[in-house]
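Peer 1: Questions regarding the structure given below will be posed in turn.
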Amino acid sequence: MSRFLICSFALVLLYPAGIDMYLVGLPRIAADLNASEAQLHIAFSVYLAGMAAAMLFAGKVADRSGRKPVAIPGAALFIIASVFCSLAETSTLFLAGRFLQGLGAGCCYVVAFAILRDTLDDRRRAKVLSLLNGITCIIPVLAPVLGHLIMLKFPWQSLFWTMAMMGIAVLMLSLFILKETRPASPAASDKPRENSESLLNRFFLSRVVITTLSVSVILTFVNTSPVLLMEIMGFERGEYATIMALTAGVSMTVSFSTPFALGIFKPRTLMITSQVLFLAAGITLAVSPSHAVSLFGITLICAGFSVGFGVAMSQALGPFSLRAGVASSTLGIAQVCGSSLWIWLAAVVGIGAWNMLIGILIACSIVSLLLIMFVAPGRPVAAHEEIHHHA
């Protein structure tokens with residue numbers, strides 16, 4: 001079992017590493033490519049676009065051909081794209097490389113969640129996804145620090161060579177450690193069960209909405225945090241970094257505590273707790289009389305996301321044993337596109353950073369609480385499939 005957990009964690013971590021590792025080198029990248037930092041900030045959106053594009057096909061291929069045939073090309077593409085970015089001499093080529101990086105990371109991301117659905121029952125999967133969420137929270141803190149240390153002695157290109165080496169490690173794991181977990185193709189008698197795993201299932205759609213809104217909350221916070229903390233609240237850059245590190249610490253602590261909480265409380269209770277924390281955060285930020293109270297509200301955001309997201313993802317994947325890849329892709333596309341659409345629309349309409357965050361917190365909590373309380377799971381399918389090792 002440990003091989004599947006290690007491989008799944010490695011496959012997922014390419015996604016945040018690809019986002020956070022290069023940011024510290026952005027000024028030098030812009031200078032070398034004769035582009036402004038503002039022009040290169042679009043690299044974040046381009047990377048997410050690549051991920052979304054990969055998710056359009058990766059899940060279906062993973063369900064038809066297996067997890068390894070998607071993970072291996074995905075990791076290989078991430079390696080090639082990282083090298084391509086390091087060799088880019090224009091901003092256009094650099095952005096093309098970032099799109100390809102997103103494609104590779106997206107393939108790996110989809111496969112990771114499908115593997116966990118294949119190999120773990122509902123309760124264990126919820127615990128593992130909570131742990132995975134905690135580990136993912138480490139990357140935004142450690143990746144920029146690692147990038148800074150690398151750039152003390154090496155040029156910015158070394159950041160992408162480091163990403164390439166990470167991709168090589170994931171490729172080796174996918175080739176030699178990961179075993180195929182895709183359930184055997186259903187016999188004719190099993191076709192009704194395959195057809196019953198509809199993406200239009202009310203319970204699945206409710207969890208798509210909940211997880212998409214939750215991701216929108218956390219990405220809105222990350223996207224607006226420089227404005228909130230430095231421009232509005234007046235913190236210095238060093239203080240901003242310290243606060244973000246502390247929020248990551250809160251996220252990790254809650255994420256690593258959630259598996260123990262699942263041994264005591266029902267998953268539904270933790271999901272309700274998550275949304276109540278979001279609602280409390282929104283109200284706190286809306287009426288905050290001081291910076292200290294606002295910072296407390298921010299910690300509630302991190303705690304709320306960490307306590308509920310892994311549980312919601314596990315519930316979303318639960319109804320799918322034969323179409324776990326497609327379900328994982330659908331979740332990923334909805335989360336990436338939904339959160340990006342909200343941030344873009346809020347910016348176009350002219351909603352300020354503070355109100356943008358408060359608005360999504362309150363909307364997420366109200367909608368999600370209604371869905372949790374009124375959309376019950378249907379008849380469960382097999383909790384997990386026996387792993388068939390394919391020749």
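Residue 1 is the first one shown; counting continues down the chain.
Every residue, even glycine, has its Cβ placed from backbone N, Cα and C.
So Swiss-Prot says this about it:
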| type | residues | note |
| --- | --- | --- |
| TRANSMEM | 4-24 | transmembrane segment |
| TRANSMEM | 42-62 | transmembrane segment |
| TRANSMEM | 69-89 | transmembrane segment |
| TRANSMEM | 93-113 | transmembrane segment |
| TRANSMEM | 131-151 | transmembrane segment |
| TRANSMEM | 158-178 | transmembrane segment |
| TRANSMEM | 203-222 | transmembrane segment |
| TRANSMEM | 245-265 | transmembrane segment |
| TRANSMEM | 269-289 | transmembrane segment |
| TRANSMEM | 293-313 | transmembrane segment |
| TRANSMEM | 331-351 | transmembrane segment |
| TRANSMEM | 356-376 | transmembrane segment |
Peer 1: So are the transmembrane segment (245-265) and the transmembrane segment (131-151) touching or not, going by 3+ C-beta pairs under 8 A with a sequence gap of 6 or more?
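Peer 2: With 3 or more qualifying Cβ pairs, these stretches touch.
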Peer 1: Please identify the stretch among 93-113, 203-222, 293-313, 331-351 with the greatest number of Cβ pairs below 8 Å relative to the transmembrane segment (131-151).
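Peer 2: Stretch with the highest Cβ contact count: 293-313.
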Peer 1: By a Cβ-Cβ criterion of under 8 Å, what residues six or more beyond either terminus of the transmembrane segment (93-113) are in contact with it?
Peer 2: 7-9, 11-12, 14-15, 18, 29, 33, 40, 42-43, 46-55, 58-59, 62, 67, 70-71, 73-82, 84-85, 163, 167, 170, 313, 317, 324-325, 328-329, 331-332
Peer 1: Out of 158-178, 203-222, 269-289, 331-351, 356-376, which stretch touches the transmembrane segment (42-62) the most, going by CB pairs under 8 Å?
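Peer 2: Answer, by Cβ pair count: 331-351.
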Peer 1: Using a Cβ cut-off under 8 Å, which residues of the same chain at least 6 positions beyond either end of the transmembrane segment (293-313) come close to it?
Peer 2: 113, 126-134, 137, 207, 210-211, 214-215, 217-218, 221, 233, 243, 246-248, 250-252, 254-255, 258, 261-262, 267, 270-271, 273-278, 280-282, 284-285, 331, 361
Peer 1: Are there residues at least 6 beyond the ends of the transmembrane segment (269-289) whose Cβ is under 8 Å from a Cβ of it, and what are they?
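Peer 2: Distant contacts of the transmembrane segment (269-289): 210, 214, 217, 258, 261-262, 296-298, 300-301, 303-305, 307-309, 311-312, 315, 354, 357-358, 361-362, 364-366, 368-369, 372-373.
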Peer 1: Could you pull out which residues elsewhere in the chain have a CB under 8 Å from any CB of the transmembrane segment (356-376), counting only those six or more residues past its ends?
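Peer 2: Distal contacts: 202-203, 206, 209-210, 213-214, 216-217, 220-221, 224, 228, 268, 271-272, 274-276, 278-279, 281-283, 285-286, 301, 342-343, 346.
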